[in-house]
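A.B. asks: Right, I'll just put the structure down here and ask away after.
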Amino acid sequence: MKLLLLALPMLVLLPQVIPAYSGEKKCWNRSGHCRKQCKDGEAVKDTCKNLRACCIPSNEDHRRVPATSPTPLSDSTPGIIDDILTVRFTTDYFEVSSKKDMVEESEAGRGTETSLPNVHHSS
């Protein structure tokens, strides 16, 4: 019976000592707690479910998205791939032709050189 009388006050005080045990939800990018009233040194930033206030410590600068440093895509030291990508071509234009195309062109050119048939007139 004495053990029960000791355990009962411990179970009543435990939620007040450990905030996570009392079931307070995290809010404002997990930097605040949903409470009925904010404690000293906390500021209300938003409202939670069940008409509770999202309380965050007022002495810190809190943002919705934590500041992160940009991640470089690759290191800036030049390598073999950089050399390959910066090669400039000297040939701007070239034409590919086949033997068949050359034969067709030569036949088309000769078409105007054909002679007219001889026409004989009788008197």
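Using N, Cα and C of the backbone, Cβ positions are placed for all residues, glycine too.
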A.B. asks: Taking Swiss-Prot as the reference, Cys27 is linked by a disulphide to which residue in Cys38, Cys54?
C.D. replies: Cys54
A.B. asks: Among Cys48, Cys55, find the residue that Swiss-Prot gives as the disulfide bond partner of Cys34.
C.D. replies: Cys48
A.B. asks: So how many other Cβ atoms are close to Cys27 (disulfide bond), meaning within 10 Å of its Cβ?
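C.D. replies: Cβ-Cβ neighbours of Cys27 (disulfide bond) within 10 Å number 21.
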A.B. asks: Listed disulfide-bonded residues are Cys27, Cys48, Cys54; which of them have CA atoms within 10 A of the CA of Cys38 (disulfide bond)?
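C.D. replies: Checking Cα-Cα distances against Cys38 (disulfide bond), the disulfide-bonded residues within 10 Å turn out to be Cys54.
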A.B. asks: What same-chain residues, at least 6 away in sequence, bring their CB to under 8 Å of the CB of Cys55 (disulfide bond)?
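C.D. replies: In sequence order, Gly32, His33, Cys34, Arg35, Cys38, Lys39, Glu42, Ala43, Val44, Lys45 meet the Cβ cut-off.
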A.B. asks: What does DSSP say about Cys38 (disulfide bond): helix, strand or coil?
C.D. replies: coil
